[in-house]
Amino acid sequence: MAGGAFVSEGGSGGRDYEGGVTVFVVITCMVAAMGGLLFGYDLGISGGVTSMDEFLSKFFPQLERQRQKVKNETAYCKFDDQKLQLFTSSLYLAALVASFVASVVTRKYGRKVSMFTGGLAFLTGALINAFAINVTMLIIGRLLLGVGVGFANQSTPVYLSEMAPAKIRGALNICFQVAITSGILVANLINYGTSNMAKHGWRVSLGLAAVPAILMVIGSFFLPDTPNSMLERGKYEEAKQMLKKVRGTDNVDHEFQDIRDACEAAKKVEHPWKNIMQSKYRPALVFCSAIPFFQQITGINVIMFYAPVLFKTLGFGDDAALMSAVITGVVNVLATFVSLYSVDRFGRRFLFLEGGIQMFICQILVGSFIGLKFGTTGTGTLTPATADWILVFICVYVAGFAWSWGPLGWLVPSEICPLEIRPAGQAINVSVNMFFTFLIGQFFLTMLCHMKFGLFYFFGGMVAIMTIFIYFLFPETRGVPIEEMGRVWKQHWFWKNYIPDDAVAGGHDEN
């Protein structure tokens, strides 16, 4: 066990390399993690904009007529409009497609090029949205934002995992999630401010998405490429010098050789998409698919990009709805810092399980409160006390997600894939995440209209299933160098049946 706050071994037999945590690598990872601002800002901004009356009357006048029609009928169906939901969800459909293209770019041209491409696409989309005059321009802008998110989410977690020393890989990788939650909070604050502007507040909200995009574009120029990426492209001496720089020591021979061996093995793999289907990569395939699926089916993005709409549906006033979204955004950021501290102390499994239990309890309580007040008819009003309790439980729910499934949903898939399938694994992670984000974004308001308060029970049930899944099938991965992750699977009661002996780094099995 290492001194200080970090654990250098996760009980999985990982090798400890020489070198410490340098200022260079910390700054580098913090700059790279700004890619998360792209994703976070959009998650936070869309819900606030779609609750602004000026925006709705300009682009979705049919919704205002619908809201008047159901005003005295049911609170659950106030915002049930497919075109409005398409505005939110179209980004994630584009991100799904872009992630597959980004996986090829990331492998052939490096992580930096992917981050630059993502920032440029996001910048273009933000400007188109800010100057939109019709729904078509809005959707085109959202699609370009999706391309940016797809590229950024494909490359940034991989970049962070490859630059960070194994003993603090979790903490540095979670800088990506800190950036996401910070982007959400900033977006909520901007929405709160622009909602009081006489005209064009929504244009300011959408246009300011250009700021994190510019940061991403500029940052990608100055960031160094990772040693792994340099080796992939045959730059051996440059890769070794970079590894010395990021580790702060000249004695990097063991780590460099392990990365080089993994890179040579990866070069022999001509079809990473075909190879990830092989038995020895089965754990990586399962978790790169299951973790992003479960992350979205928790219902978190219902809160993140529909929070103002949801709170207005429950009877909060306009300003109260936006302020409640700000409050959940603050909780989101603060709780993410808890994971930054604890992920390399207590490990991934503990946070997954604790967060799952906490989210399950809160979903059931929120559903029960809404059910008691609105029933199945959707008629009724919230007392201030009930509204406060719903907000409290939603905040506790958000906190549970923010220190568990939020950051770990990006960290774990990026750290469990060997180099030869890493771009394919990360592309699966991003695409599954974006696909189910798209489904939630496109159909949540319709699901709320039809399932009513039972929708929260549905999400609670999914949280219970995914917590059981983690308990039985996910081994601890903290402190294990990425290139030696095969040891972890070989020691697991279930996954060892899929891992041949020659696939374990170091040539022996500690079972």
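Each Cβ is built from the backbone N, Cα and C atoms, and glycine gets one as well.
Here is what TrEMBL records for this protein:
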- 28-478: domain 'Major facilitator superfamily (MFS) profile' (DOMAIN)
- 21-41: transmembrane segment (TRANSMEM)
- 86-106: transmembrane segment (TRANSMEM)
- 113-133: transmembrane segment (TRANSMEM)
- 202-223: transmembrane segment (TRANSMEM)
- 284-309: transmembrane segment (TRANSMEM)
- 321-343: transmembrane segment (TRANSMEM)
- 350-370: transmembrane segment (TRANSMEM)
- 390-412: transmembrane segment (TRANSMEM)
- 424-448: transmembrane segment (TRANSMEM)
- 454-474: transmembrane segment (TRANSMEM)
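Non-local neighbours of the transmembrane segment (390-412) in the same chain are 153, 157, 161, 169-170, 173-174, 176-177, 180-181, 287, 291-292, 294-295, 298, 300, 303, 314, 324, 327-328, 331-336, 338-340, 342-343, 348, 351-352, 354-359, 362-363, 365-366, 369-370, 382, 429, 433, 466, 474, 477; each lies 6+ residues outside the stretch with a CB under 8 Å from one of its CB atoms. Count of Cβ pairs under 8 Å against the transmembrane segment (86-106): among 21-41, 113-133, 284-309, 424-448, 454-474, the largest is for 424-448. Against the transmembrane segment (21-41), the recorded stretches 113-133, 284-309, 424-448 differ in Cβ pairs under 8 Å, and the greatest number is found for 113-133. For the transmembrane segment (424-448), the residues of the chain that approach it from at least six positions outside its boundaries are 76-77, 79-82, 84-86, 88-90, 92-93, 95-96, 99-100, 102-103, 106, 146, 149-150, 153-154, 157-158, 272-273, 275-276, 284-285, 288-289, 291-293, 295-297, 299, 301-302, 305-306, 309-310, 313, 409-410, 413-414, 416-417, 455, judged by C-beta separation under 8 angstroms. If you look at the transmembrane segment (454-474), the same-chain residues 6 or more away from its ends with a CB under 8 A from one of its CBs are 286-287, 290, 294, 297-299, 302, 348-349, 352-353, 356-357, 359-360, 363-364, 366-367, 370-371, 405, 412, 444, 447-448, 494-495.
For the domain 'Major facilitator superfamily (MFS) profile' (28-478), the mean pLDDT of the prediction comes to 85.
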